[in-house]
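What follows is a short report on a single structure.
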Amino acid sequence: MKKTLTTTVPAALIALGLAGAASAEIKIGASVSATGPAAFLGDPEAKTLEMLVEETNAKGGINGEQIALVLYDDGGDANKARTFATRLIEDDEVQAIIGGTTTGTSMSILSVAEDAEIPFISLAGAIDIIQPVKPFTFKTPHTDRMACQKIFEDMQKSGIQKIGMISGTDGFGASMQAQCKDVVGEYGIEIAADETYDPKDADMTAQLTKIRNTAGVQAVLNPGFGQGPSIVTRNYRQLGIELPLYQSHGVASDGFIELAGKAAAEGVRLPGTALLVADLLAEDDPQKPVVTAYKAAFEGKFKEPVGTFGGYAHDGFALLVDAVTRAGSAEPAAIRDALEQTSGLAGTTGIYTMSPEDHLGLDLSAFRMLEVKDGSWSIVE
Amino acid sequence: MSELLQFLFSGLTVGAVYALVALGFTIIYNASDVVNFAQGEFVMLGGMITWFAHAAGLPLPLAALIAIVATAALGVAINKLAIEPARGAPVVSLIIITIGASVFLQGAAQLVFDKQIHSFPAFSGDTPLRIGGATIQPQSLWVIGGALVVFAGLWLFFTRTLLGRAVLATSNNRLAAQLVGINTNFVMTLSFALSAGIGALAGVLATPITLTAYNVGIGFALKGFAGAMLGGMGNPKGALAGGFLIGLIEALTAGYLSSTYKEAAAFVVILLVLFFMPQGLFGRKSTERV
């Protein structure tokens, strides 16, 4: 379960007498959900962190110091995450923590990290993690609320005023459903039909028929992740509904098109990150080099497509490396101060500019409105 | 009218999946009174192995066959390695063993395959059939057909074959069954192989509709179990009726009332039925002869 990634290089350095004590090493802790119900998020996160630490060490580390990654798998269990966070801080004496795949695990890690005054970069979606701002807690993924805003902005442009929603009852779907309903009024859009489905359901035609038969609905929005949105998309085409269908960033991956089927997914819109359309980005896009490099490295090493979630871990690590480099020190307090001053750092998710009031540092431009065209993602302008 | 028809189609599609899973419960239950909670994992394995073999380049029918045979073999292995050594233990202990087997299979699938969601092409294409203004996917007909065929097979097996009656006899009184010359060990092995095979078949048929992943087993097991309980545990007729009934109740509630209450509505019906008919709709009366 525990992996330390500085093996041969530091050993060689010590043998040569070049390295002093353990001080010439930056220790980063991570607790992600590489197994359990959130495994399909946590697994790419763990892989990404291991890969990036290896890469950075091969390039000489940060400020000449090697990085040691202590990685734990909390299995999506908030209690385990708390135990691991305590162990990371007290036994492993890490200088910073990245992790917390789910909102639940993030919340337990952050309480431990805040007490011990160790900087923590969360990889989970909920806005509660950074609002109200806690001094040592940061996060990389955009919030559900921002996804809703991006979608409603796009609907507004098409003159859509009345929509139907069909949401998963899992944590992600329920949270986004609530956020969307909260923010929808600002866009002059009315939710005329509000249906839900269980994430394990096999058929949503009943709910979709109901939405279709609701008078005046001009578009349908489906917050959710896992297999639900793929089934909704298939049922949507099965019923021959012609209205625009919006999915959430929860299914922003090539896997979604494959599962829903190219024909059924055609025309589906969703807010996604630059990572998904790395090849389509303009040459002068500041995110282009970052996403291209990460995509090539990850897909070359693990032979599986990159996803938004691995990208969150990439950005968490990039933020940390950037902060330690600028701080010129790996003291937790110095890292924290430097993290808060992050400015214009291009990650896979967006361009981060933090402030004492904003520990996420992303705005709506981090999302790109994507549409499935001819069986693959394209950018909507 | 077309609205009602659409809800019915939705209910039949989902109900057929539940019924297929529920049917898988009946054999092991009939042989040993054990509710096999690893039944959902057999469904998962059917889907995952088929996907894996198909992705490796095998034609779909061959991949499906491999999945069914491999899962049946796994069922036998579970019986030999986990259930048989505990012979003589109370039924409750055996049920707990099957829960352990379920956790093990899920963990193993996570390592052997992966943690992503998968599917394979529907058998007869994705063009929905239009009937009376409503639509149904051709794969739904495969699942409904599969449920009916498995039901007919099981019904014939338990009422018309000596082996089927031997299974029933084993559950009724293992010692007496042995005394009249029934090889009860073989009956148990056979029942696990058949149950696992039927579970895998359910997975093969349902995956193009429900999609599959290493962790879908529990959901299938719960709904299938509910269907089997509603219809009467151990009776193929009950499993079929119970599965379809739950699917239809869910779809009609989602359609006419609210999708928020569809699970609740199904469980209220189950509670009511079990309250008035503790044996389920088609359950056998449990008269213990002393």
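The backbone N, Cα and C atoms fix where each Cβ goes, glycine too.
Since the structure is predicted, the reported quantities are computational estimates derived from the model, not experimental observations.
According to TrEMBL, the feature transmembrane segment maps to B:7-31, B:51-79, B:91-113, B:140-158, B:179-205, B:211-231, B:238-258, B:264-282.
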Interface-richest range of B:7-31, B:51-79, B:91-113 toward the transmembrane segment (B:211-231), CB pairs under 8 Å: B:7-31
Top partner of the transmembrane segment (B:238-258) among B:7-31, B:51-79, B:91-113, B:179-205, B:264-282 - counted as Cβ pairs under 8 Å: B:7-31
Contact set, same chain, for the transmembrane segment (B:7-31): CB under 8 Å, 6 or more residues outside the stretch: 39-40, 42-43, 131, 134-137, 140, 143-144, 146-147, 150-151, 154, 158, 167-168, 170-171, 187-188, 190-192, 194-196, 198-199, 201-202, 205-206, 209-210, 220-221, 223-228, 231, 233-236, 239-252, 254-256
Residues of the parent chain within Cβ reach of the transmembrane segment (B:91-113), under 8 Å, 6 or more residues beyond its termini: 32-38, 40-41, 44-45, 48, 51-52, 74, 78, 82-83, 214-215, 217-218, 221
